[in-house]
Amino acid sequence: MGILEGKRILVTGVLTDASIAFSVAKLAQEQGATVVLTGFGRLSLVERIAKRLPQTPPVIELDVQNTEHLDTLAARVGEHVDGLDGVVHSIGFAPQTALGGNFLNTTWEDVATALHISTFSYKSLAVACLPLMKEGGSVVGLDFDATKAWPVYDWMGVAKAGLESANRYLARDLGKQGIRVNLVAAGPLRTMAAKSIPGFKEFEEAWPEKAPLGWDLSDTEVAAKACVALMSDWFPATTGEIVHVDGGVHAMGV
Ligand SMILES: NC(=O)c1ccc[n+]([C@@H]2O[C@H](COP(=O)([O-])OP(=O)(O)OC[C@H]3O[C@@H](n4cnc5c(N)ncnc54)[C@H](O)[C@@H]3O)[C@@H](O)[C@H]2O)c1
């Protein structure tokens, strides 16, 4: 029996089969969950990718900047499942001007876009799903360690610092409803989001060398395993936490 047997899970953020969310959806199904996906933008592409999962899940449109999408999300997801036990936030975006070493010149409009999509949407998604989480559940988001200033990550780093803080506030406010809220801070992985960061190569070179456990830049399953574990019944008293899945880099000095 899988560790998500009988659970109903909403997974956002599938874009390609290299997406961290794709691995989460695949593993969740393998562990017994019923999965519903949300897709942003090119829905037909997401639907095509969804067919590569063990069972083809329904795909629901969600742009986290679209209030109507958020307001109707629970009703649209509710057409496929009678509730949710888990929600995965695997969404991030920053305009090119907010990345790559342009930190001092990025405009507020571009920073605002990064924060809206990458930080505020964690709260928006969780709140939009509340009507389906009457029996409690688990919300999991994808993070990149925001305790340090990294090369090239710039305003996305600030967005992730906000995400880490939002994680604690959501844990505070949703605990009473039996909802756990946790982040998985993954090391660098070769996804579309990563490829759009100018200078991402710097991470690719440094990480495998610095990680005591080593690090495979194309293995999204290690992060997915942590997400699935956090949505299982095996972390019943853990909330507001950040689980590092980075080969150990966060714990190392120079
Ligand atoms: N790849 C890495 O190195 C790495 C490391 C740590 C954390 N993360 C985080 O993992 C998460 C998933 O990214 P990924 O690396 O799998 O890349 P990805 O490009 O496969 O996924 C990013 C997703 O964000 C979605 N998205 C962008 N704007 C959106 C919007 N307005 N509304 C809804 N969805 C929107 C995209 O459609 C895409 O599915 C992100 O939060 C990212 O910051 C990635």
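First residue shown is number 1, and so on along the chain.
Just so you know, glycine gets a Cβ as well, placed from its N, Cα and C.
Taken from TrEMBL, the feature NAD(+) binding site covers Gly13, Ser19, Ile20, Asp63, Val64, Ile91, Lys160. Here TrEMBL flags Ala94 as substrate binding site.
Lys160 (NAD(+) binding site) is surrounded by 25 other CB atoms, counting those within 10 A of its CB over all protein chains shown.
Residues from the binding-site residues list (Gly13, Ser19, Ile20, Lys160) with a C-beta closer than 6 Å to any atom of ligand 1: Gly13, Ser19, Ile20. The maximal spread of the NAD(+) binding site, taken as the longest Cα to Cα distance among Gly13, Ser19, Ile20, Asp63, Val64, Ile91, Lys160, is 19 Å. Annotation for Asp63 (NAD(+) binding site): spatial neighbours Phe40, Gly41, His69, criterion Cβ-Cβ under 8 Å with sequence separation of six or more. Taking Cβ-Cβ distances under 8 Å and a sequence separation of 6 or more, the neighbours of Ile20 (NAD(+) binding site) in its chain are Gly13, Ser90, Leu142, Ala186, Leu189, Thr191, Thr220, Ala223, Ala224, Cys227.
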